[in-house]
Structures are given as C-alpha cells and as structure tokens.
Amino acid sequence: MKADLRIPLAVAAALILAAVVAFGAPHVVGDYFVRILLLIALNSILVLSLSLSNGFTGVFSLGHVGFIGAGAYAAGILSLTVQQKKALLPHLPDLLNWFSLPFLPATLAAGLFAAILAVIVGYPLMRLSGYFVSVATMGFLIIVNVVLINASDFTRGARTFTGVPLATSLPWVLGWLAVTLLVLSRLVYSPFGRRMKAVRDDTIAASAVGISVLRARLVAFVIGAFFAGVGGSLYAHYLGSFSPNTFYFAMTMNLIAMLVLGGMGSLSGAIIGVICVSILSEVLRSVERGFTIGDITVPALFGASQIVLGFLFILIMIFRPKGIMGDRELTFGLSGRSANHNQKEGKDR
Amino acid sequence: MATADPLLRVDNLEVNFGAVRALKGVSLDVREGEVIALVGANGAGKSTTLRSISGLARAKSGTVTFAGTVINKRTAPQIVRLGIAHSPEGRRLFGGLSVAENLRLGACTRSDPDGVARDTEKMFVLFPILRERWKQLAGTLSGGEQQQLALARALMAAPRLLLLDEPSLGVAPLLVRHIFDALAELKRQGMTMLLVEQNIALALELADRAYVLRTGKVALSGIASELRVDDRVAQAYLGAAE
C-alpha cells in the first residue's frame, strides 16, 4: 500500500520540475530546444493516453490517432474566431458559427468529444480481443480519416484546416502533461488499475474472478481517448494548420513505436520512449545533413536517420522485447518494485 | 444425506462449440457441503460442464439452478457474486501481477475488507507458501505453487460452491498430495465442491459422490467409495462399455 503513496510523490516532484522547466527554459535555451521540449511533452501526453488501453489493459488499439484527429478538429472548429469561421467554413451549421471558445474550454471540449466518440466506438469493439480489436480499431481510424476528408462543411475536407490560434506554449503542455500523469498514475495504481491489468493478463481468468472485462476495457479506452482528444487540441493549437492526413498512419506508427520502445506497462516508460525517439531523431536528422570531423568528411545521406531509427527498433525488440522499462516504473529510488521478469508462465495452457 | 433442494442443479445441459456437440444433456446435482467428482476421459465434457455453470461458456439448452436461482443466462461476474467461484483449468493466473494482487483480485467482488483480510490469513494457513511468495510475480512461481495460488484466488471470493478444474495438472506428485490435503481440509470445514480431475483415484478418495462423463453424457453416477471398485468406471474411460 505504501507504494501507492510514492507514485503521487514522484508525480509531484516531476510537476515542480516541469514548472521550473516551463518557465525557465525559454530564458536559458534557444527556441529550437524549447520547441523540442514542447514536442516531447506533447507526444508524452499522446503516448501516455495510448498506454492506458494498449499497455495496461491489453487492448492493442490502432485507432488511437482517430481520437487525436477528432480532438484536433473539434478544438480547431471551436476556437476559430467568428470572422474566420465565416471565411473558412462558410457552411458551418448555425449552432457552431456564432461563437469562439478560448484555448482551455476548447481543449476540454475536444477531450470530451473524443471520449464520447470512444464510448460509441468502444461499446461494440471492446468485446473483441487480440488481433481482432487491433484491426477493428484501425477500421475506426480509416473511418475518421474519410469523414474528415468528406465532411468539408466542418473540416475544409482534404484542404488544410488553418487559422487555429497558436496558443500552445510550453507551460500549457507541461501543465496538461502533469494532469495526464496524475490522473493516469492514480488510475493505473488503484484497485481498478489492477483489474485492467488482470484483463490484460488473462480475460477468462478475469471474468472467472468476477471482473467485467467489457467495462474495464471501456473505461481504459474512454479515458485514454479523453487525453488523446486533449492532446489533439494541443497539437492543433501548436501547428495552427493541419489536414486529415496529419492524423493518420504515420502518426499511429510513431506513437506505437515510442510506447513499445519505452515499455508497454509503464507510465515512466512511455515518457522515456518519447524522449529517446525524439532526441534520437533530432540528432540523426542533423547528422544526415553531412558533417566533417578533422579530415573525414561524411557526405549528406538523406533518409539515413529513418534507417538508423528502424534498425534501432529492431535491435531493441530483439534484446529488450519488453521495451526500456518493461512494466517497471521509474520512481527515483522511492519504490523498488521489480517486475521485469514477467514471463507469463501462468498461461501455459 | 439431507433431502432438501440441492445447492446446484444442472438439468439436461447441452453445449455446442460450432458443429461439435460438447454436452448432450448433462444432469447432476450438488448438495450443500458435498464434494462431487466429475471424472471421465479427455473430451468427455468435464471442463465444459464447469464452464457452463460458471458462465464462461453458454449453454444451448438446459438449465443451471443455484440456490433456487436459474443462472445459465447470467454473466460470469454475476455468477461469482451469487457465490460460485471457478478455479479454471490450467490455473490461468495473472502472471504479470504479484501473488498479493492475484489474491486481491480473487476478492474483487467483495466489499467487506475485514472479511477479505481474515480470508487472506486463512489462505496463509492453508497454503503457507503464499506468504513466502507474497510479493513475487505469479508467473514466476512453480507449477505447484501456481496451483495453490489459483485455489486460493478462487477461495478469496468466499464462495458457497467451488468449481475446481484439474487441480493436479502440471503439479509435481509431492505437491499433488499437499493440494489434496488442503482440499480435504476445506471439505472438513464444510466447503461445497465440484471437482474435475484426471487422477480418478485421488478424486474418488476425496469425493462423496461422483459422475462419470462419457462423450458429453453422464455414463454413470454414484457413491464415490462404491465407484472406486466398480469396473464400469474404467470401461467408461476406455470406451468399452455402452
């Protein structure tokens, strides 16, 4: 039980650190690093929200980006000014075209919209397991994409959705990251979180001890979708303009790679995965432009960063298949729960 | 034996898996405090019978009545709440969770923390190894330890009826003895059990009565001590008798 107290403590420490970074970083480092920091925090929110279903509940969703996209568009529509709506979305229904929401309410609304969507999608889909749920949720992603492209009264279709105020700043993102981390750590390390993990380990045993598998999965799916919607809004207010294909397979693969790399059953692992992939791709991107050390000149090799990254994923999956953290948490020595030798021997039938 | 209504009555249960008729009209009853063995060859329908009682499998027809309530349309979690705990075949522990967490999950339908704490202590008496392994992941236990944990997890639901599927499977012989001693102790405490077991000698030693299943039907039933010396039991296994 003591471990339950340590996690909020670690989160609080991270919160203070985050606040210092949020307000201090722009004075110390340049815009480039602030931007990377912001993207790391933003992607952390997205990967954390993904970890709830894919990592902790064993529902390997490939449709998560659908909720991010839905949240981004919902927030974008809500926070355009009335004049922009008249110019860019002339056919928007009267219900939506007479007002404009500030950043925070628009973000909350985006989260709620994604969560409601997740209830509707999840109720039939969360009955499925294994590959079936992956394929079915991917179907959801494709439907979202097609709807975004064709509902042009709302989304400008395949054209770029633009004009969203650039409200996303480092303090905002770190603030939302702290909220996400706090809510998820409370959830994952609660009795309900234990049920989620039981469903992940063995659905038959879970229902045999009296857990409603559908409910556990649905709650994880919906809460994950809420934070995906929030992340989508932050993303929309960061980019300012985007199109339906911003929220499609490339982003799906990126988020899943980060999650798997960091460790599927670990909140800190999710963030570590994001940090590793983000920093590595930044470094590799500058390396591939070519460089000179002493007499040796390495020519530009565009695309090499993607290849190196790909190889790295293969190596990690071979030598550390459960990701960097597995299902342990990084709690700065506060809690020593070692859960890395999880070989699933209990399911030998 | 009391002549009151049985705690569990299974009436003409039929279960299909696709085109395969797994159960072709199984009827049995279990009275309060009885230990009933369900024996038979592989594929006779023993596990299917347990699974359709606990709601893990759906019956095509027939009824399951538990303590006066028809339960065969209920979901597995509802059935656990009514008082039937199922320790499924192959143990099916939550391998990524600790022994402690597995036991807590066994009690997840209960809302009496004091009772849960008391029952946890009881489990330590019945299966002392669990106290030693408390923080260890269930997936890292030996076969026998896992089986003890699976039994304890089912008992943590404080059931009125315990369904046991193959408690000796994949367990070292010495530990099989130990597990059956624990089951005998549970029987002495008055626990009602329906036991599926390949090891027919052990099963009939523990049980009061037994049903012999053969290709989805009850081939034979009776007092366990009489069935132990009945040739027809062996014939049901070998498929010689009809």
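Positions of Cβ are set from backbone N, Cα and C atoms, glycine also.
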Given the ranges A:169-189, A:190-210, which one is assigned the annotation transmembrane segment in TrEMBL?
A:169-189
Can at least 3 Cβ pairs under 8 A be found between the transmembrane segment (A:59-82) and the transmembrane segment (A:169-189), with each pair 6 or more apart in sequence?
no
With Cβ-Cβ distances below 8 Å as the criterion, list the same-chain residues six or more beyond the ends of the transmembrane segment (A:102-123) that contact it, or say none.
63, 66-68, 70-72, 74-75, 78-79, 137, 140, 165, 167-168, 172, 176, 217-218, 221-230, 232-234, 236-237
How about the transmembrane segment (A:256-284) with the transmembrane segment (A:32-52) - do they touch, taking at least 3 C-beta pairs under 8 Å (6 or more apart in sequence) as contact?
yes
Could you give the residue numbers and ranges of same-chain residues that sit at least 6 residues beyond the transmembrane segment (A:32-52) on either side and whose C-beta is under 8 angstroms from one of its C-beta atoms?
18, 21, 25-26, 61, 64, 68, 168-170, 173-174, 176-177, 180-181, 184, 187-188, 196, 220-221, 223-228, 230-231, 234-235, 238, 254-256, 258-259, 262, 264-267, 270-271, 273-275, 278-279, 282
Beyond the flanks of the transmembrane segment (A:218-236) by 6 or more, those residues with Cβ under 8 Å of it:
42, 45-46, 48-53, 56-57, 59, 61, 64-65, 67-76, 106-108, 110-115, 117-119, 122-123, 126, 164, 168, 172-173, 176, 180, 183-184, 187, 192, 196, 242, 247
